[in-house]
Amino acid sequence: MGERFVVVPVDGGVRVAVEGVHSDAVVSDPATDTGSSTTGGGTVDDREAGEDSVFEPQDPDAVVPILEYNREPNKYGDGVPKENSPFINNTDIDKGNSYDGTNMALFEEEMDSNPMVSSLLNKLANYTNLTQGAQEHEEAEEDEGPKKKAVKSPQMGTFMGVYLPCLQNILGVILFLRLTWIVGTAGILESLAIVALCCSCTMLTAISMSAIATNGVVPAGGSYYMISRSLGPEFGGAVGLCFYLGTTFAGSMYILGTIEILLTYIVPKAAIFVAEKKEDEVDALLNNMRVYGTCCLALMSIVVFVGVKYVNKLALVFLACVILSILAIYAGVIKTIFEPPDFPVCMLGNRTLQNHNFDSCLKTEVIGNLTITTKLWKLFCDGPEFNATCNDYFNNNNVTSIQGIPGLTSGVISDNMWSVYGPLAMMVENKNLSSFGGSDPAQDIYMPYVVNDITTFFTLLVGIYFPSVTGIMAGSNRSGDLRDAQKSIPIGTIMAIATTSFIYVTCVVLFGACIEGVLLRDKFGDSVKGNLVIGTLSWPSPWVIVIGSFFSCCGAGLQSLTGAPRLLQAIARDGIVPFLQVFGHGKANGEPTWALLLTAGICEIGILIASLDAVAPILSMFFLMCYLFVNLACAVQTLLRTPNWRPRFKYYHWALSFLGMSLCLALMFISSWYYAIVAMAIASCIYKYIEYRGAEKEWGDGIRGLSLNAARYALIRLEEAPPHTKNWRPQVLVLLNVDSDQGVKHPRLLSLTTQLKAGKGLTIVGNVLEGTYLTKDAEAKRAEQNIKSSMSTEKTKGFCHVVVSSNLRDGFSHLIQSAGLGGMKHNTVLMGWPGTWRQSNDPQSWKNFIETVRETTAAHHALLVAKNVDGFPTNQDRLGEGTIDVWWVVHDGGMLMLLPFLLRQHKVWRKCKMRIFTVAQMDDNSIQMKKDLQMFLYHLRLDAEVEVVEMHDNDISAFTYEKTLVMEQRSQMLKQMQLSRTEREREIQSITDESRSSIRRKNQGAAEGANLSQQSSLMEDTQEDEAQLIHDRNTASHAAINDKAESGPEQVHMTWTKDKLFTERNRNRECNANVAVRDLFNMKPEWESLNQSNVRRMHTAVKLNEVVVNKSQGAHLVLLNMPGPPRNRGGDENYMEFLEVLLEGLNRVLLVRGGGREVITIYS
């Protein structure tokens, strides 16, 4: 349905809800939602007088939003106009309805949104739903006064509203023009099989349709409405357009049938194209059909455009023609028992002759005492003389006349029991008659024989016959006009199908029992002077059938041209196919003008095909497609057992629906496999287009329910065991921050996610707002919308989860623990580096970061931390030649190997090469390490350059000691509680001065003081008042210090040999001994109190950073093992300093911490 609720501001604050308790306003003040608005059952006035402003906006002019009911066609509904909803929150109907009783005072505050049961039942009882058909347009045309006329309630019952319309639509052109030919060609038995096949298909479809139609109120729209609301907008749009095309081509077929009756049986002389030769007759007939069909289409379109109401009023006249024609057939059959009609068929040998140009079925005749040749003689001979040269077959065989309709008791049924299929131009022969002499095909085409105009076979006849059983949706299309649609549609439709099936079965048997086989196979009645074959059987005159079938085809064509544009208009107004929206407009009275023009254009295509036998299989495909999805809709709803699936029609079963669906699919390929493929391709293209471009709809469809069931089944299966290493891929939880306006702070984090995932696997974007949900619900929804918008912009496919928590720490903890569902949980957490942690006055920011690291480790999740994330490339960037450098220091599951491979799948990183660096210690054989690593990458099927970087055990430099000292002193300073900003700055300044003086002392007493004097002079030149700035200066100069202070061997060696190893080890031992003795005398007093663990860690960070910067400063991305946080929480701030030193001087860094399991394997 088309409901949606829009928040609109209403002036007056809470006064709206207090003074007018029963007005259509719902106060959304947060305090009201807490459930504490009444304490002890006080009245409204007491509460207003006695409570403080918690319950009122602080501003007296504040705006309080209320819920307004809106029926505007939009993405939330189906856009059906003129529809009153009987459900809750419909404030348009109950304006002014007040509640004055005291029996229900407990519920009085909810009366605005939850009405009393009595008023709800009253609205349900008076619920009306106009059809989107001609009734509205009629009223719009006739309503010329200022006052609109009252809408009449629907009064149609089962017989007039469903049974007769279905009968009229099912019985039609195929029955009158092709059924006799189908019986003669396929035989009685195979004809019965064709009828049984097609009628079974429609009966099963009718059962499914009845179940859907009785599962609630079905507004006008018929099958399109049922399918779209049952299977969703994609299937609904695809099948709706297929049904539209089928209805349109049905109009073409009816118009072609009308012209065929007109030119063949009523006024043959009206033909514009006349064949001079017999072989040109087919082309002449088709050209006549094209010209007259186009004129007829234009005339009918004008009639539909000008006066739809007249078409609907004439429907009963057209139906009467159909019923009278069928009664005439049965009357004629009964008459053949006593007095068969005289329709002789002239046979030459066993061949049937076209009886157009001769009167007597004789070669010669005696007039007086003179024997003369007949007109038949002149058709086969080159002159009227007896000695003229004649066709050999004509000379060798006699001419006989047989009765075309021998009668019901003649026994001809045994001859018509079997099929007689044949190729194009095969002669229609009677095997019971003798035949002498061969035939000359080159000459026979010029002779007046009755021949096949097309190649015949069983599947072709199925496709031609099937349109005669369509039309079962006529009752459901009129559901808005029915007094009780849920009762009338099943009974009327099934009874109509049963009636028409009985008519078709009896007609097949009676035609085969009454009519000679050669006449049955004579499609156009050429052997009986151009009479309609079924007309020869009727009583009292063939003209009853001819005129009846002519008006029947006219009426059916008009009905198709009336219904198809409205169906297209309904699809266009639903807004699911954007390019069709222009066809949703029409005249002032709603007449679908543009849709009618398109329908006429498509209908013209069918008319240009010109052959009834070629158009029939086309519309069969589209109708079969529609019926297939009706069965699918019923089967899906039945198997899903959705709570809303409660049809009043109980005689259905999912197995019957599946049987009907299979039968439809089989009939599609039986009729014409290439047409079936084309129809399915058209439906698939429409489906994908709606899925890609169409408006999003939520109709509670069965496909969504099917998706939920499939997802549930898959989740349960995933829960059984953890994924194998071969199936492991990062299922990412992205921890995103938003600003004060709930805007996304770092959208490049989403870009990185997209590049890492390439649209695969699970992505959950999480965010935490600080506060309580009752006060932050609006902000949470706004943040969720903004995040979803950013995800759409960055093409990140996944889910958004915004949590409101009392503090950020707990919120992130809850996300890490509970995000995801079942087996579809995240295994990787992606977050940004807190770049401003030093500048922040609140230490909670970096503490939250470290606790998040700890919790991901405890949860065995992998962790990715992006530093300088705003400098990462967007999805539109294309990085040129460059490298992704992986620094593999420790092995924690192979994440470092897998991530570059995943990134290079995305077009942003595709041109980048992968380099892997690993670190060799003093005792490691670096040459062998490199070979082993290359072999390992070969087995992993990864292409990468390999480099082994050697780091020997250097002494801890003075720079490292100084950095550790500054770090620890700063840490102690920031631990002091309640320091004002001035005091903190003064404290930092004193630390700065002390650090400078210690550096001066070091310069005066040590051999390497020259280097430290450079550092001191730099610091003295720049006056800084923050400790972290000292850290920056120290870091900037540490490379120079180490390069010049270390007079020993080179720091990095790329090739270790055994001899070199021992030499280097002995030399280092001597150097270490000298330095140890020297340090005993040069050790500063401040260094003695340093935590040696911190000194060692700082040393590692400094040395490793030096190597990484040296090798990878120009890389597009650096991936590095992330050290774990200390077990002792007292050193958390030191941990942040270590990481800062480790990452110093690098542009884009992704710190990687494994989840404790292998994520990459060498096995297949």
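Even glycines carry a Cβ here, placed using N, Cα and C.
Range annotated as transmembrane segment by TrEMBL, chosen from 540-558, 901-919: 540-558.
Only sequence-distant pairs (6 or more apart) were considered; of these, fewer than three Cβ pairs between the transmembrane segment (191-214) and the transmembrane segment (289-308) are under 8 A, so the stretches are not in contact.
Below 8 angstroms of C-beta separation, residues 172-173, 223-224, 227-229, 289, 293, 296-297, 300, 467, 470, 473, 553-554, 556-557, 560-561, 563-564, 567-568, 570-571, 574, 576-577, 599, 602-607, 609-612, 615-616, 618-619, 621-623, 625-626, 629, 679, 682-684, 686-687, 690, 694, 699, 701, 703 of the same chain, each at least six residues beyond the ends of the transmembrane segment (235-256), sit close to that stretch.
Contact counts against the transmembrane segment (315-338), taken as Cβ pairs under 8 Å, peak for 157-179 among the stretches 157-179, 289-308, 494-520, 594-612, 618-640. Contact between the transmembrane segment (618-640) and the transmembrane segment (157-179) is absent: fewer than three CB pairs lie under 8 Å, with pairs separated by 6 or more positions in sequence.
Counting Cβ pairs under 8 Å to the transmembrane segment (157-179), the top-ranked stretch among 289-308, 494-520, 540-558, 594-612 is 494-520. For the domain 'SLC12A transporter C-terminal' (747-872), the model's pLDDT averages out at 87.
Taking H, G and I as helix, E and B as strand and the rest as coil, DSSP gives the domain 'SLC12A transporter C-terminal' (747-872) the counts 60 helix, 28 strand, 38 coil.
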